2 protein chains.
Amino acid sequence: MTHRTVFFVSDGTGITAETFGNAILAQFEITPRHVRLPFTDTPDKAHQVVRQINHVHDVEGRRPIVFTTLVDPQMLAILREGCKGMLLDMFGTFVQPIEAELGLKSLHRVGRFSDISRNQAYHDRIEAINFSLQHDDGQSHRDLAGADVILVGVSRSGKTPTSLYLAMQFGLKAANYPLIPEDFERQQLPSALAPWRKKIFGLTIAPERLAEIRAERRPNSRYAALDNCRMEVAEAEAMMRRAGIRWLSTTTKSIEEIATTILQDVRPERLNY
Amino acid sequence: MTHRTVFFVSDGTGITAETFGNAILAQFEITPRHVRLPFTDTPDKAHQVVRQINHVHDVEGRRPIVFTTLVDPQMLAILREGCKGMLLDMFGTFVQPIEAELGLKSLHRVGRFSDISRNQAYHDRIEAINFSLQHDDGQSHRDLAGADVILVGVSRSGKTPTSLYLAMQFGLKAANYPLIPEDFERQQLPSALAPWRKKIFGLTIAPERLAEIRAERRPNSRYAALDNCRMEVAEAEAMMRRAGIRWLSTTTKSIEEIATTILQDVRPERLNY
């Protein structure tokens with residue numbers, strides 16, 4: 001295992017640099033030390049970043065890897081000239097060929113909104129988060145007309161984190177409803193959902209995995225018992241099949257994979273791409 | 001305004017490709033059409049992607065821009081050989097120089113966990129989301145010892161979306177507590193929080209902006225009145241100053257900027273980098 005320090009340098013939050021850098025580093029059998037250096041937006045801070053990187057270089061005797069999304073040419077030049085790390089310019093590498101392709105100059109706009117409170121897309125995203133919270137776990141039947149997606153499934157099948165992720169990442173209003181024993185007895189979806197069949201998406205899960213998850217919350221309960229989980233999952237799947245609802249199994253999937261699959265299938269109108 | 005279609009092609013969810021691609025495209029005065037093509041993980045699907053890109057090329061008479069994070073060399077080769085779009089290989093571009101730097105071959109591991117349910121970091125992240133939900137808006141005083149961060153501030157200062165973002169993005173357990181008129185009368189932080197001063201971070205907001213946000217929820221209410229917002233913000237800031245709590249103004253900041261600033265300042269122990 002090679003020891004390395006990896007820096008993420010940005011004029012903004014550095015979250016893009018770190019998300020993308022982590023995806024690349026996941027291709028290597030190393031566990032590097034991470035140093036996040038956000039808001040590098042003045043020459044003073046850029047020089048400080050250079051000193052910090054060079055100090056690590058000298059102490060460790062190895063070039064640190066530096067992922068940067070610096071947009072301001074002045075800050076980038078300070079790094080390029082002074083830094084002893086391996087500089088990976090994630091922006092310039094792609095911005096320059098796109099400039100040539102489009103015949104347009106790039107804006108060199110730092111990835112921060114000058115006033116986020118006036119940004120409509122941002123406002124919609126916060127609204128979506130509030131909507132998803134208010135409609136978590138069947139808390140409210142109001143405004144379902146405004147929902148982009150309605151998730152259904154047994155308790156602990158993954159509805160809540162998926163709803164919040166859809167809101168946070170894609171700005172979608174995602175309600176979610178638990179399927180409970182009363183629904184199974186009636187053999188029908190909760191009646192409040194009947195008008196919205198097209199927006200409904202089901203989550204299911206392997207009963208063995210469900211029993212594990214529920215046992216973390218309520219060990220040795222009827223709720224977590226494997227035979228009860230088997231019964232609930234079978235009833236929920238039968239109900240979704242009868243109602244003609246699309247569904248997927250969350251057993252081995254991440255929130256991101258579940259959300260992406262739902263988007264491919266539901267294609268909400270507000271995401272017009 | 002140049003019309004272009006932009007494709008995001010991935011063997012996984014394509015979320016990294018799209019997040020990063022969007023950050024780059026924000027540098028240009030264009031509003032491209034987005035087409036997300038996730039889960040491109042078989043030769044059949046890769047050939048279908050090529051056909052779809054080439055169809056757009058022929059119809060629009062312009063090269064589409066294709067951001068790809070394909071990791072599988074076979075799929076990437078199919079795109080490289082057949083596709084008439086401008087191919088931007090976001091992975092290979094950086095993976096190859098890092099291979100040379102580290103003297104290691106990359107794993108060519110597709111960005112999907114084969115079984116997410118066995119992944120500890122993922123498990124911790126879901127736990128953090130559940131914790132943050134259970135400790136939203138002062139709902140619970142239990143387990144505050146387990147919190148990484150405790151946010152305080154007046155109602156609608158941005159605590160809830162920030163807590164959820166800290167959990168979702170960084171896997172941090174973020175509780176949040178509203179500062180309410182009863183606290184101002186007592187001139188003290190909620191007593192349940194007293195033992196956890198080091199983990200507390202305050203959010204404040206310009207009273208004019210707060211009044212706007214509250215008026216969307218409860219128009220013409222005392223709650224949303226500007227003089228009431230002025231009073232609450234002044235009281236909250238005085239209380240945080242007295243208690244020696246670090247705080248920032250959320251007025252013009254995005255959730256990402258707020259979260260990044262908090263991380264720089266609080267440096268929770270669990271994020272050991």
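Backbone N, Cα and C atoms are what each Cβ position is placed from, and that goes for glycine too.
According to TrEMBL, the features are:
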- B:G153, B:V154, B:S155, B:R156, B:S157, B:G158, B:K159, B:T160: ADP binding site (BINDING)
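Other than B:G153, B:V154, B:S155, B:R156, B:S157, B:G158, B:K159, B:T160, the residues of this chain whose Cβ falls within 8 Å of the Cβ centroid of the ADP site are, in sequence order, B:N176, B:P178, B:L203, B:I205, B:T250. According to its DSSP assignment, B:T160 (ADP binding site) is helical. The number of other CB atoms found within 10 A of the CB of B:K159 (ADP binding site), across every protein chain shown, is 28. Non-local contacts of B:G158 (ADP binding site) by the CB criterion (under 8 A, 6+ apart in sequence, same chain) comprise B:L203, B:I205, B:T250, B:I255, B:I258. With respect to Cβ neighbours within 10 Å, the binding-site residues B:S155, B:S157, B:T160 differ, and B:S155 shows the lowest count. Proximity to chain A, taken as a Cβ less than 8 Å from one of its Cβ atoms, holds for B:T160 among the binding-site residues B:G153, B:S155, B:S157, B:T160.
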